[in-house]
C-alpha cells in the first residue's frame, strides 16, 4: 500500500441474502462495480457496512472475499471496531491474514467514554494491531466526538490517517490545518458533502457512501478538486448534494442513507437490499421513491468512469 | 423461577484478573457475598458487568460459573445485548444451558435507532429467545430512551418485566402507572436512588449497583418499602444517596460508579479492581478517596443481613 | 413574609384578552380561585406566567393587580428574569413598590453561560435587589442546568430558597440533602410530579402548574406529605400524574402544559385561553380533548379545599 | 438600499463604558474603522452586539448613533429579536425612524418552540414590521435550528434574506441550493469559516465577527471569492481560521469569540472591552494572550483595505 491513502474510498455496504448470509454474488458485483468506477480504495465493515451488526464469522468471510476479488488493485481497509478488545483483535488478525491493507479504529461504543479514556485505549491497542490503522470519528454511533488531542495521540501511536464522519466541518478543518503538511498522514472526509471544501484546503479524499452506487461521480469530483477546476467542482458537488436531498431523505431516520444505498444498488441489479438487524430495508413505497429519484437524477454516466 | 421478579437484584460486576481473564475466586467471593446479603436475584453481564466489553468466551464462562455457585438459590438474569443478533442468541442459548433463569435485552447499540425500529427488532428476536426476558432501558449507553410503546410491545411479546436505567423518573412513573396491576410483569428501577420512590408507587424492586458492596443496605431499604415504614425509608435512602454523593463522585466520568464499585469490592477483599477495556480502574489517589469514604460511611453492618 | 416559604405556590398563568391586554377580570377570578384553593403563595411571571413574553408595562400591571387582590393573604413571588439587567431591576423595583414579597431569579437566557458566569452574575445582581430572592433553575428555557455550586453561591448571597424545575430528580435530591437542615432556605420542587417524593426527604413545597386549576388537589397532597400519610400520598400523587398523562399530552410540544392549563381554566370559566406570542392556544379539537379529560378525571372537588 | 444584500456585514459589537453606558467615542471609532475597511453593511444588536442584554433605551441610542455616522454609506441592519413582541416592534419602529435599512429577526428565545410555531410567529409579525427583514438562525442562543420550511415561509412573507449562524454547513448548503437563483433573496453565512465554501456555491456574503477588527481581511476574501481566485481563497481562509484557532480560543466558553473581539478592539485602541451582563470581559492574563496572538498573526494590513 502506498501512503498516504488518497482519493475516493467507498464505505462498502455488505450485501446480504434474505436469510442474512453473505450474498457472494452481490459482493463480487459490488466490488467489480466499485473498481470499474475508478475508486482508490475500499473500506469494508464500517458504518455503511453494518460491521457491528454482523457475526464475527460473517465479518471474516467478507474480508476474505473482498480481498480475494480486489486482489491488490486498490487498498482494502477494514473496520475493526468492537466493544470487546478480543473481538477487535480477532478481526484485525484475520484482516492481515486475508491480505487487507489497513484497519480502521473507532472508540468502543457501548460505554460513554472521554477523549482521555480513548487515548488510553489507543495506547493499549495500537501496538497490538498487525496492520497500519486509521482513526475513525463517528460520534453519531459511538457517542464520542474525538477531539484534536486524540487525533494527535493516534498519530504519535502510528496512525496513518483519520476519517472524520462527525459532520462537524470546523473540527475537520482544524485537523486539516494541523496535519495537512504531514504527507504520510491521510485526512479523509467521512461526509461526502465535505469532499470538495476540504480537498481544496488540504484533505486527501473521502469515504463517500454515495460512491457505492455512483463511484464515478465521486471520482470525477475528486479529480476536479485535484485540478482545482472550480466550475466542475461546483457542478459536481451540486450533483452529490442532490443525492443527499432526494434519495437519502426517502426515509426519515438517522440511518436512512445506508438503507437507501442498498436500495439503490438493488434497483441497479448489483446486490439485494437485505439489512442486518436492527436495521430494516426500505418498504415498497420508499423503494419506488428511490427509483423515481434515480431516474430523475439520471446519473447513469457515473456508474463507471 | 417465581414470577414476578422482585426485590434487590444487583447488577453484578465481573471480577477480572490483571491479565483480563475471569477471576474465579473473585466471582465465587462476590456471589457468596451477595447471597449472604440477602439479595433476591443476580443480574450478570449488564452495564455494571461490562458485558459488551467481554469476549463471548469469557461471557459464557461467567454465566456457567455464576449459575453453578448460585445453584438455584435466587434467579440469575443474563444481559444478552449485543450489536450482532447472532452474538445475542449465542449468549442466550448458553444461558439456558447453564441454568440461568431470564435474559435481559437492551437495544442493539451501535446504530441510532427509533422506538419503531426497536419494536421491529423485538418482534424478530423475542420468539428466538430460549428463556423469559426483561426489557432493559439504558439510553446513556444505547442512545435510545425506550418509550412506553416499546414497553407495551415487549409485554405483548412475552417480556416478564422491564428494568429502567434511564434516570428519567417521569418515564419510570409512567411505566408503573400503566403496569402496576399486571402482577406477572416486573417493574425494576435501574437507578438505586429511585428504589424507594418507585416502590411506594408500585415498582417491584431495583437493580442497584451499590448492592454489589452493601447488599444488606438495599435489602433493608426494600423491606422498609414493603412495610411502608416511612421513617426507615428516609433514613436508609439517605444512606444510599451518601454513597452516590461520595464514592461515585471520586472520578468525574459517566462510568465512575462502575469503577468505584470494583474499587470498593477490592478494598473489601472480595475481588480485584481490574476493568475490561475501554474502562480503567481508579488510580491510587482515587482509591485512597474511596477508602476514606468507605470508612466515613461506616456501613459495615450492611455487608450482610 | 414568614420564612421559610413553604407549601403549594402555583406558578400563575397570566390571563390575557384576545387583544393581548391584561384580562383584569380573569386575573381577579384566578387569584380568588387560588386563594380559595388554599395555596400558600402565588408565583407570577414565571415560565407558566409567560413572563418573558410580556411587555414591561403589562408585567408591572399584573404585579400591581395581583398584589392588590392578594392583599397580604399569602406571599407573592415575582419572576424578574430578563436578558437585560436594567429590565430585571425595573421589574424588581416595581415589585417592591407594589407590595410583592420575593423575587425569583433565573439565568439571563439569551447567551449560553456557565455556572461560573452565573455566579458572577449573581454577585453583581444580588445586592441590587430590593426584596428577598429565590434562585430558579429551568434549563429547558435558560439552557443552563444550575449546579450545586450556584445554589451555594446564591445561598451565601442571601437567597431565601431555590425552585428547581430541571426535571432532574437527582439534582433536586442533592440540594435537599445539602440544605434540608437550613430552615430559612426553602427547597421548592418546580415539577409537580416530584412534590411527594421530595417532601418526604425534606423539601418545603412545590411550584405546581396544575395548582392553577386544581389548587385543592395539590394542597391536599402537600398536607398528606406533612402528615406522612403514605396511603393518601400514593393516591393523590396518582391523581396528579393522571393530569400529566392526559391534559398535558393533548398537544405534543415542550410548552403543552402551559397551553393546557390556560385551556382548562378557560373551560372552567375562570379566564380566557389567549396566549402571548410566540405560544398559541390549543385548537378547538385539542380543547375538546382537554374538556373530555377534565370530565373523566372528575376532580371537581379539588377546585377548592 | 440595493437588493440583494451582499458582501461583508460585520455583526458590530456594542462599545460600552465601564458604567455600562454607551461608549459614544468607541461607537464612532468602530463604525469609521469598519467603513474604512470596506465593509458592505453593518449589522447591529445581533449576538455579537449583545442586543438582548441591553436596555431598550440603550438599543435605541445605538441605532440612532450608528445610522447617523454611517449616513447611508452602507446598509444598516438592526437585530430586533426579543422575547416580547412589543419590545420587538418598539425597536423595529425606532430603527425605521432612525434611518436603518433592514431588520433581523430570530425566534423569540425563552420558550423552546418548534418550526411550526416559528412560522405562526412570522405570520403574525412580518406584516407589522416597518422595514424589510432577514431571518436569523442561531440555535446556540435561541434553541431552535430553523428548518428549510421556515426559510421558505419567511421568504413568502417578504423576507429579503437569511443569515444562518447555526454552524451546520449542511443546512446552509440546502438553503443555497434552494434559493441561489432567487436574486432578491440574500443568503448570508453567519459563520466566518463558511464564507469561502458557501460563496463558491452561491451564497451572497457573511456576517463575520472577525470583521469587527480586521474588516479588510474579510473583504479581501469576499473579493477573492467573487473572482474565484482559488489560491487567494485558500490563503485568506487560512488566515481567518487562524483567528478562530488562536484569539477565539483564549477563553473556553461558548461566547469566547465575542469577548475576544472586544478585547482585540480594545488592544487596537478602537473601543473598550466592557461587556454587558451576564458576559464578562477577558481577564488580564487572557488579554495578554490575545495581545500575543494579534502580534503573531500580524494582520495589521487588514485593518483597512
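Using N, Cα and C of the backbone, Cβ positions are placed for all residues, glycine too.
Taken from TrEMBL as is:
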- D:136: active site, proton donor/acceptor (ACT_SITE)
- D:163: active site, schiff-base intermediate with substrate (ACT_SITE)
- D:207: pyruvate binding site (BINDING)
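Here the features listed in TrEMBL are painted onto the structure.
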residue	record	CB count, 10 Å
D:136	active site, proton donor/acceptor	29
D:163	active site, schiff-base intermediate with substrate	27
D:207	pyruvate binding site	30
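If you take the Cα of the residue listed as 'active site, schiff-base intermediate with substrate' and the Cα of residue D:136 (active site, proton donor/acceptor), they are about 5 angstrom apart, rounded to a whole number. Cα-Cα distance from residue D:207 (pyruvate binding site) to the residue listed as 'active site, proton donor/acceptor': 11 Å (rounded to the nearest whole number). Residue D:207 (pyruvate binding site) falls within neither a helix nor a strand when secondary structure is assigned with DSSP, and so counts as coil.
Under the three-state DSSP scheme, residue D:136 (active site, proton donor/acceptor) falls in the strand class. Classification of residue D:163 (active site, schiff-base intermediate with substrate) by DSSP places it within a strand.
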